[in-house]
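Peer 1: Handing you a structure now.
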């Protein structure tokens, strides 16, 4: 029998008790104080010295910090893991929208999207294979222009939540570009491998 848990969208989901206990054990090991602070979150992702990566991780942290107290407690941790591991596409896109909307006005403008795309490009550069290295990429500005061209239905220069979700559902390229990697395992592994070499 599982525990009822309300996810970010207010829906009841069931989490297995054994799984919840395992998550708690991991949380206590990583955060003996019972709360996860920004500096610990950054350390986990190995981004203390990388400004662009730090901004990306700070945005993720703020999105997981539901009550805005600048810490992630166990319930917020469980909600984050539930989103990452089990979340429906729409929930992940809603969360991604919240991360991208840095000023919290309910819309994403070009400068906000450009900042995120540039950060993601810098983060992902580390993980590109040799074949990918030879494949020319669009510049971050070209990515943002193309996304707005495909997704900004009313042409107001801002993406609403509905435009963001609809655009991602209609176009696979847009989906790939808009859907934030909330489980950047390859990037984390690469960062840890690099730090082990020094």
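The backbone N, Cα and C atoms fix where each Cβ goes, and this holds for glycine too.
Dumping what Swiss-Prot says about this protein:
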type	residues	note
BINDING	65, 67, 69, 71, 76	Ca(2+) 1 binding site
BINDING	101, 103, 105, 107, 112	Ca(2+) 2 binding site
BINDING	152, 154, 156, 158, 163	Ca(2+) 3 binding site
DOMAIN	16-51	domain 'EF-hand 1'
DOMAIN	52-87	domain 'EF-hand 2'
DOMAIN	88-123	domain 'EF-hand 3'
DOMAIN	139-174	domain 'EF-hand 4'
LIPID	2	N-myristoyl glycine
Peer 1: Between residue 163 (Ca(2+) 3 binding site) and residue 107 (Ca(2+) 2 binding site), how many Å separate their Cα atoms?
Peer 2: 10
Peer 1: Of 69, 76, 101, 152, 163, the binding-site residues given in the record, which has the fewest other CB atoms within 10 A of its CB?
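Peer 2: Selected from the binding-site residues 69, 76, 101, 152, 163 on minimum Cβ neighbours within 10 Å: 69.
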Peer 1: When neighbour density is defined as the number of other C-beta atoms within 10 angstroms of a residue's C-beta, which of the binding-site residues 65, 103, 112 has the lowest density?
Peer 2: 103
Peer 1: Sequence gap of 6 or more, C-beta under 8 Å: which same-chain residues meet both conditions with respect to residue 71 (Ca(2+) 1 binding site)?
Peer 2: 35, 36, 37, 65
Peer 1: Looking at Cβ-Cβ distances, which residues of the chain lie under 8 angstroms from residue 105 (Ca(2+) 2 binding site) while being 6 or more apart from it?
Peer 2: none
Peer 1: Applying a 10 Å Cβ distance cut-off over all chains shown, what neighbour count does residue 154 (Ca(2+) 3 binding site) have?
Peer 2: 9
Peer 1: Could you tell me the C-alpha distance between residue 103 (Ca(2+) 2 binding site) and residue 69 (Ca(2+) 1 binding site) in angstrom, no decimals?
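Peer 2: Cα-Cα distance, residue 103 (Ca(2+) 2 binding site) to residue 69 (Ca(2+) 1 binding site): 17 Å.
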Peer 1: Including all protein chains displayed, how many Cβ atoms other than that of residue 67 (Ca(2+) 1 binding site) lie within 10 Å of its Cβ?
Peer 2: 10
Peer 1: For residue 152 (Ca(2+) 3 binding site), which of the three DSSP-derived states applies: helix, strand, or coil?
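Peer 2: Residue 152 (Ca(2+) 3 binding site) sits in coil per DSSP, no helix or strand.
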Peer 1: If I take every residue in the domain 'EF-hand 1' (16-51) and average their pLDDT values, what number comes out?
Peer 2: 79
